[in-house]
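Trainee: Pasting the feature list from TrEMBL:
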TRANSMEM  A:71-91  transmembrane segment
TRANSMEM  A:98-119  transmembrane segment
TRANSMEM  A:131-151  transmembrane segment
TRANSMEM  A:163-185  transmembrane segment
TRANSMEM  A:205-223  transmembrane segment
TRANSMEM  A:254-281  transmembrane segment
TRANSMEM  A:293-313  transmembrane segment
TRANSMEM  A:320-341  transmembrane segment
Amino acid sequence: MSASVRSRRLLIFLGVLLVLAIWLSLALGPVSLPLLDTLRAALRMVGLPVTAAGLEQAELILGQIRLPRTLLGLAVGAVLALSGVAMQGLFRNPLADPGLVGVSSGAALGAAVAIVAGASLGGVPAAFEPYLLSFCAFVGGLGVTALVYRLGRHDGQTSVATMLLAGIALTALAGAAIGLFTYMADDSTLRSLTFWNMGSLNGASYARLWPLLIVALAVSLWLPRRARALNALLLGESEARHLGFEVERLKRELVFCTALGVGAAVAAAGLIGFIGLVVPHLVRLIAGPDHRILLPASALAGASLLLLADLVARLALAPAELPIGIVTAMIGAPFFLYLLLRGRA
Amino acid sequence: MLCCRGLDVRRRDTLVLGGVDLDVRPGEVLGVLGPNGAGKSTLLAALCGELQPAAGDVTLDDRALAHWPGAERAQRLAVLPQQSTLNFAFRVEEVVGMGRLPHASGRARDAEIVEAALLAADAAHLAGRSYLALSGGERQRVHLARVLAQLWPGAQGQTLLLDEPTSMLDPLHQHTTLQAVREFALRGAAVLLILHDLNLAARYCDRLLLLGDGRPQVLGTPEEVLRAEPLKAVFGLDVLVQRHPERGHPLIIAR
Amino acid sequence: MRRIAGALALLIGVLTAPGLAGAEDLPQRWVSAGGSLSEWVVALGGERKLVGVDSTSQHPGSLRALPSIGYQRQLAAEGILALKPDLLLGSEEMGPPTVLAQLKAAGVRIETLSAAPEVPALQANLKRLGELLGDPQRAARTLADYEARLQRQAQWVEQARVTAPAPRVLFLLGHVGNSPMAAGKDTAAAWFVEHAGGRNLTGHDGYKPISAESMAALDPDVVVFADRRLSGDDAIAALLKSTPALASTKAAKGGRILWVDPTLLVGGLGPRIPQALADLSAGFYPAAPPLKVADRQP
């Protein structure tokens with residue numbers, strides 16, 4: 001009983017933390033707005049009757065810049081953390097990362113194709129141009145993951161071990177292809193590629209937000225429904241089958257969910273590391289491995305962490321901006337080392 | 001009741017198990033004996049649907065095993081594998097509680113059952129501890145408690161398959177564990193277990209199946225199976241068979 | 001100190017700006033995202049109007065005291081808005097597009113000029129900058145002067161070629177600690193070499209790593225080296241140390257390794273180009289009398 005009380009407390013704490021992170025993300029930025037203006041503009045946005053006098057700038061900054069950015073951070077953080085949980089469950093290894101099934105490297109390859117070859121293709125309709133990068137990244141992520149999954153299938157069964165190795169091989173292959181594109185790139189294209197690989201929530205707009213929001217919502221609603229099956233899967237695939245779960249379908253769904261979620265997140269914000277690895281790990285340390293708590297808690301913590309990291313990214317060097325992947329890696333990598341050394345002691 | 005008829009299992013065109021007819025009867029503990037590689041684990045895997053038989057069929061309550069919906073089958077059939085690869089820091093009662101996943105018996109009832117199953121596996125004192133902090137033998141007992149909880153309290157129509165449940169246990173816990181399994185069978189459940197220790201088999205099993213080279217050699221009571229000739233033929237071991245001075249079951253001593 | 005001076009200049013700019021004739025329509029707070037564009041703004045007397053520049057705007061040195069808005073392709077909308085600019089100046093490379101859209105929605109005028117290293121692009125750019133700064137005459141004068149200097153440069157090269165053959169040139173771009181990359185035929189570096197009277201040796205596009213062996217095989221008469229970190233003789237010494245294969249070339253044997261400032265190569269033709277061309281061509285044709293550069297600065 002005390003365990004479930006503790007879990008509930010953790011969820012409440014993370015919920016409050018997320019609300020706080022959302023507020024900070026809306027209230028802080030290089031442009032300093034009076035707190036009262038921010039509050040009034042926020043209230044107006046949710047439809048409350050507040051006088052608009054003198055709010056033009058606050059409404060513009062909040063509505064057109066900070067809100068889409070906050071929503072993007074929320075969705076990307078939650079989806080990456082949830083995908084991390086799904087992959088750690090699938091591979092039954094707390095150190096697994098969404099990148100293991102090739103979705104990140106596939107997306108990076110797609111992005112490289114879009115950035116380097118896209119410029120010389122020329123055949124893309126103008127209306128489609130702004131979406132080319134996101135589209136290619138998404139397709140690349142999904143494509144490589146599908147291939148990894150296909151290679152893992154044999155006689156109607158999916159071998160997780162084969163998938164792991166296929167993931168490593170295809171990641172290396174994608175790396176080589178990216179290297180080739182890098183070689184062909186000119187200087188400025190190269191820099192775009194480098195920046196994309198470090199991720200950013202910069203330039204979020206509603207038009208590009210909604211596909212990710214739909215995917216994030218679907219993943220956040222669907223994965224918790226498989227919490228019990230994921231718990232059983234941690235015992236082992238046979239054990240989960242003996243407990244009555246359809247393991248093959250579960251594995252397929254987990255891979256699909258991760259590919260879709262990470263693919264959409266990466267397409268919208270570039271490669272952002274360590275959230276998928278560190279957040280589930282952190283939550284597990286506090287709340288234990290039960291997916292009924294782990295999934296919602298990771299989604300909340302992932303979203304909060306990414307929003308706070310983005311705050312650092314946009315304030316540290318203002319008016320310029322730090323790629324967010326640098327911030328998350330700077331928080332994530334030392335933490336990961338700490339876990340490693342702590343586990344050894 | 002779990003039955004198989006004319007069961008053949010092949011691995012890459014090699015017949016690893018052939019011609020098995022077996023009923024795992026309610027209220028009975030059926031022991032499977034045999035040297036390494038005789039096909040014991042293969043038999044267990046075929047009986048629980050992990051391996052597809054090349055010929056023959058496996059039925060649970062007169063219905064092909066594969067046709068059972070997952071959760072309903074899990075309420076009737078529980079399997080304890082030889083080894084577990086759980087690598088996450090669940091608490092002991094959470095691991096045992098996973099046995100209740102196929103049921104919708106409610107949180108309070110599940111907690112009672114987990115407690116009872118832990119007690120039966122002599123692991124009640126482990127409650128609250130992290131699974132990863134346990135020794136190999138303790139983990140084995142926790143998993144036993146888990147499969148007991150899955151079928152708890154054990155009734156007619158339920159079948160428990162155990163692959164070497166005592167392999168990592170000390171002598172005392174080998175006996176307490178098998179005693180718990182016996183009591184489970186007394187309440188009506190059918191039990192099939194793979195054992196290596198002939199004397200434990202003699203003491204706790206109602207019937208024994210002796211496997212050699214992937215074929216059933218002898219099937220019968222301990223007195224019928226545990227004789228010097230079949231044991232010599234299957235294990236290549238010369239033994240003396242005597243009577244247990246107090247309990248009367250066969251006692252096997254290597255010569 | 002520089003910061004205070006900058007702030008003071010800004011203050012004076014803000015105070016005096018409304019006094020100028022017709023200045024109401026002109027943008028007063030500029031953010032420039034492009035190295036050579038920033039240089040031109042300064043050259044045309046608009047430095048006081050600059051309130052922020054991107055990471056490629058390194059010349060003149062006083063620009064480095066201004067707030068940096070980061071890399072031109074990765075601009076941050078809110079960071080730029082915090083500088084309260086009227087105008088964002090940049091090249092076609094400026095982005096991402098969503099950020100530009102957000103800035104436009106916030107009322108920032110966005111002026112996109114060409115970064116192509118060619119005279120027609122420069123003509124259009126200077127004309128536009130003159131209008132935006134409210135001093136088209138000065139811009140026209142500066143342009144005429146610039147074109148005249150390029151003209152004299154071309155004539156000088158023609159003269160020099162009468163007595164000496166065009167040197168065969170390999171242009172290397174250094175990256176700290178790494179082996180240098182050779183500038184391909186479509187780069188600004190190649191334009192630079194050709195206009196200084198050299199013959200660029202490479203046949204590839206862009207900047208590509210080059211092997212020691214092909215370097216020796218090309219056997220250039222002159223090596224031009226641009227390094228991002230080191231300058232002058234230090235850069236040349238470092239190059240010879242990191243690339244021993246160069247020692248076998250005519251360029252090294254004749255001591256004809258020349259250093260140029262790599263910031264000249266980005267963002268189109270900047271105001272420092274004629275002087276740099278004159279310096280480089282003097283190195284290409286050591287026997288010819290060096291071109292006298294007009295004293296009058298634009």
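Each Cβ is built from the backbone N, Cα and C atoms, and glycine gets one as well.
Describe the structural context of each listed feature in the structure shown, including burial, neighbouring residues and relevant distances.
Mentor: Non-local neighbours of the transmembrane segment (A:71-91) in the same chain are 22, 25, 97-98, 100-101, 160, 164, 201, 204, 209, 212-213, 215-216, 219-220, 223, 230, 233-234, 251, 254-255, 257-258, 261-262, 264-265, 268-269, 272, 275-277, 279-280, 291, 294-295, 298-307, 310; each lies 6+ residues outside the stretch with a CB under 8 Å from one of its CB atoms.
Sequence-distant contacts of the transmembrane segment (A:98-119) (same chain, at least 6 residues past either end, Cβ-Cβ under 8 Å): 80, 83-84, 86-87, 91, 132-133, 135-145, 147-149, 163-164, 166-167, 170-171, 174-175, 177-178, 181-182, 184-185, 189, 192-193, 196-197, 255, 258-259, 262-263, 266-267, 270-271, 276.
With a cut-off of 8 Å between Cβ atoms, the residues of this chain six or more beyond the transmembrane segment (A:131-151) that come close are 101-111, 113-115, 118, 124, 158, 162-163, 166-167, 170, 174, 196, 208, 252, 255, 258-260, 262-264, 266-268.
Only residues 6 or more beyond the boundaries of the transmembrane segment (A:163-185), in the same chain, are considered here, and those with a CB under 8 A from a CB of the stretch are 91, 99-102, 105-106, 108-109, 112-113, 115-117, 144, 147-149, 151-152, 193, 255.
Residues 7, 10-11, 14-15, 17-18, 20-22, 24-25, 28, 69-70, 73-82, 84-85, 200-201, 220, 223-224, 227, 230, 272, 275-276, 279-280, 282-284, 287, 321-324, 326-328, 331 of the same chain sit 6 or more residues outside the transmembrane segment (A:293-313) yet have a Cβ under 8 Å from a Cβ within it.
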Trainee: With Cβ-Cβ distances below 8 Å as the criterion, list the same-chain residues six or more beyond the ends of the transmembrane segment (A:254-281) that contact it, or say none.
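Mentor: For the transmembrane segment (A:254-281), the far contacts come to 72, 75-77, 79-90, 94-99, 101, 103-104, 106-108, 111, 133-135, 137-138, 141-142, 145-146, 149, 163, 195-201, 204, 208-209, 211-212, 215-216, 218-219, 222-223, 226, 230, 294, 298, 301-302, 305-306, 323-325, 328-329, 331-333, 335-336, 339.
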